[in-house]
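Structure, as structure tokens:
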2 protein chains.
Amino acid sequence: MTVLNDGWFTEVFQDQGTAFSLQVKKKLHEEQTEFQKLEIWETETFGNLMVLDGCVMLTSRDNFLYHEMMTHPALFTHRDPKKVVIVGGGDCGTLKEVLKHPGVEEAWQVEIDERVTRLSEQYFPELCESNTDPRANFFFGDGIQWIRDAVPESLDVIIIDSTDPVGPAEGLFALDFYRDCMIALREGGIIVQQSESPLLHTNTIIKTIHDDMKKAGFDHVRTLPFPQPVYPTGWWSCTMAGKEKPVVYFREEDADQRPFVTRYYNADIHRGALAMPQFMVDVLEDEVMSSER
Amino acid sequence: MTVLNDGWFTEVFQDQGTAFSLQVKKKLHEEQTEFQKLEIWETETFGNLMVLDGCVMLTSRDNFLYHEMMTHPALFTHRDPKKVVIVGGGDCGTLKEVLKHPGVEEAWQVEIDERVTRLSEQYFPELCESNTDPRANFFFGDGIQWIRDAVPESLDVIIIDSTDPVGPAEGLFALDFYRDCMIALREGGIIVQQSESPLLHTNTIIKTIHDDMKKAGFDHVRTLPFPQPVYPTGWWSCTMAGKEKPVVYFREEDADQRPFVTRYYNADIHRGALAMPQFMVDVLEDEVMSSER
């Protein structure tokens, strides 16, 4: 039986009976912040690695998949997003993607743990290169309260870029929070949330998000799967909903002619991500397949 | 540092600096066949696990992703597949998917290692339930030679369901083999091959497959990514090519109204899998995006 020695960082997903390991050169940083244990490792092949409370958050090598898919489908679904809020997203990777859209006038990153952002500036500078953009705004504090205090009908897109629905992020996977999002969104507004693994969580977390978003008044809810090698099963998703309109339509031509570089996202990938695996269709019982044609 | 104890099976991808582990109950079988070391494990959460030469081949839980994607895109791209050959595929999972298509008259599984099939019958009976179908034919021996000896223009679809391109499977990732496939295929014939991880192998194995298939006379080559949690990066692909026609078109209506159950595949997933991530488009420089519309 292979036993990994001290040269490896291993995350054990005990409930799921799986584990994922990255070969590491050294630990670059470790601290207990006000909210969580934060580690930064230098890996052999995935660049730098950020770990929160023992869970892999991101690596330099493959975070582009997650950050692009948390951002561009939502922003190209909205007809003209001007004000965008990221709840969580302390590593600034989503903020960077949002600010690639020239039409965005104001972007807020509302992260509870300022240390995540400070360490990201140091160890993931490529994700923070838009932090000095005059359109970028930072608030370090409670995202639930921030959304509750937002001026009604003042936001175009809300991106919920959080950790798993346990601990500090639990309240971000909740009906009350979605209701506050609904109030804060302008007409045509879009909400998008990271929604865990299709293989592991379709019947649980993803189904609950769909139900709760619908209860909060979002008529059309869709889950978009995408690859994310360092997360459990290597397969992740975001769930997107619109205040009024179906989210299966997007500005395809704008996506195709986007004036910025992406590594995963393009208009075809966006269209492709709107296709749900048959087992998800069966569980989520959406008006899915027919509305797409 | 977490060290996994004896309750885990771990596959270390040394070149890639990653490892994947499954919690196991017990080893059910181990033998050295004529070709490779074959292990069967009972896992805690992924059902049974087959391992060849230390590499995870499949688990009961997630093999449907791979087997459906190796089969249905190719068979719904061909206009009327009657004779299908699987090179490799000893676990019989691909054969089972092929035989779901009522129009298939004759299917061959050409596997070099008969022990893989015998152990699959014992430990993965659900994959072998079509082995007694009168249309199913088995040849245990060299797939390269079998294709070379095939009557020219006698096959409709060739599915290359092999291990990694090292050891016994190396000759299946080769120009000469693709040339023999070209000769063996009838007009309208389709070839499809498992083609490793988009994240890890786009610039190497996948690019070489594209180049070699084109050299062998297949004008239109496409790589379709799909999730596969137990393989490196959790993200895998198949590469498909047509003898004459572009493989971006398929029998969408037939796929939509397929008279059999699938868990991952549907017409939307097929269409979605034809979308390549931007970094793959950049490398493979296909006539990709435009031909799809």
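Any Cβ shown, glycine's included, is placed from N, Cα and C.
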Residue from B:D80, B:D91, B:D142, B:D180 that TrEMBL also lists as binding spermidine with B:H67, B:D161, B:S162, B:T163, B:D164: B:D91
Candidate sharing the S-methyl-5'-thioadenosine site with B:E111, B:D142, B:G143, B:P168 (per TrEMBL), from B:Q32, B:Q36, B:Q228: B:Q36
Local backbone state of B:H67 (spermidine binding site), from DSSP in three classes: helix
Cα-Cα distance maximum in Å, computed over every pair in B:Q36, B:E111, B:D142, B:G143, B:P168 that the record assigns to S-methyl-5'-thioadenosine: 16
Sequence-distant neighbours of B:E111 (S-methyl-5'-thioadenosine binding site) in its chain (C-beta under 8 A, six or more apart): B:I86, B:G88, B:G89, B:G90, B:T117, B:F138, B:F139, B:F140, B:G143
Integer Å distance between the CA atoms belonging to B:T163 (spermidine binding site) and B:Q36 (S-methyl-5'-thioadenosine binding site): 11
Around the Cβ of B:D142 (S-methyl-5'-thioadenosine binding site), the count of other Cβ atoms that are within 10 Å: 15
Pairwise Cα distance for B:D142 (S-methyl-5'-thioadenosine binding site)/B:S162 (spermidine binding site) [Å, integer]: 12
C-alpha spacing of B:P168 (S-methyl-5'-thioadenosine binding site) relative to B:H67 (spermidine binding site), in angstrom: 20
Integer average pLDDT (0 to 100) for the domain 'PABS' (B:6-243): 96
